[in-house]
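Have a look at this one before I ask anything.
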């Protein structure tokens with residue numbers, strides 16, 4: 001199991017952390033090495049604010065490598081706990097859709113984490129308040145990012161031993177590499193999932209407002225379905241271009257899920273839900289299917305939310321169906337096949353894959 005302590009394990013200070021299966025080594029750095037790598041944490045190396053600390057771009061001379069260095073807030077009450085969790089979680093994990101931990105520093109009261117550098121920044125940077133030089137994400141890229149993030153989550157839930165609940169899935173924690181390849185990052189809030197006959201883990205409620213599942217927020221009972229809800233919010237952000245919480249909007253539209261739920265009930269609303277930055281360039285059938293997945297993920301009752309394996313299957317399919325806005329035949333075919341008629345003559349959206357909530 002992942003051991004979480006209030007003091008840093010002294011073994012972290014002297015030996016690389018190694019996972020026998022993945023042979024994933026986390027190197028121990030001195031504070032001086034990381035200060036040198038960032039030019040003594042110069043302001044022009046500052047990348048942004050991560051969970052529990054600031055993130056800087058750095059360069060490691062001895063490996064000729066560009067990296068991202070997270071310096072934990074020394075005044076943070078939970079900093080050391082989250083540091084241990086993150087080092088141990090990422091040292092046991094190796095997956096194309098999880099950010100790679102290169103090393104750490106545990107020297108005096110300094111706690112730093114060294115990651116691979118993700119050149120395109122976070123998903124949040126590509127959805128909101130875009131500078132004139134940055135093109136909006138097209139439909140194909142959005143589905144690629146959604147599918148990749150889901151695969152990273154599937155690894156945590158289904159492949160890690162013991163399984164891990166991410167607990168802080170949000171747009172700012174999905175980092176993008178070359179070709180918009182997505183990787184989950186910032187594992188300070190990760191928690192070992194329920195094992196055996198247990199259905200949940202009881203814990204203090206933590207996470208980000210707007211992404212946190214209502215059942216977890218109310219009871220403190222953390223389950224894998226808590227992550228599924230958060231993923232559904234991210235998928236809605238990708239589809240709509242709206243923030244999970246946006247206080248600049250009218251009160252009825254500030255909470256993305258609360259705004260979207262009544263819209264799900266009538267397919268005539270679907271075109272109004274799409275990000276205007278897509279400028280109508282999306283497959284109608286693909287939109288219906290993506291919204292169907294999102295709607296199931298953000299169900300209020302956790303047992304009604306799908307398992308991550310089913311979400312991955314559905315999104316892998318959607319990501320494989322490349323949309324070509326210049327192909328009128330493709331667009332026409334998708335538009336005609338995007339609805340099905342039931343026995344009463346009503347038209348309803350259909351999903352390519354039936355998602356199971358078990």
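The backbone N, Cα and C atoms fix where each Cβ goes, and this holds for glycine too.
From TrEMBL, for reference:
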| type | residues | note |
| --- | --- | --- |
| BINDING | 70 | ATP binding site |
| COMPBIAS | 323-342 | compositional bias 'Polar residues' |
| DOMAIN | 41-318 | domain 'Protein kinase' |
| REGION | 323-358 | region 'Disordered' |
Need the DSSP three-state call for the residue listed as 'ATP binding site' to compare against my parser.
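Note: the residue listed as 'ATP binding site' is in a strand by DSSP.
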Mind looking up the mean pLDDT for the domain 'Protein kinase' (41-318) in the predicted model?
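Summarising the domain 'Protein kinase' (41-318) by its mean pLDDT gives 90.
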Note down the number of other Cβ atoms within 10 Å of the Cβ of residue 70 (ATP binding site), including every protein chain shown.
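By my count, 25.
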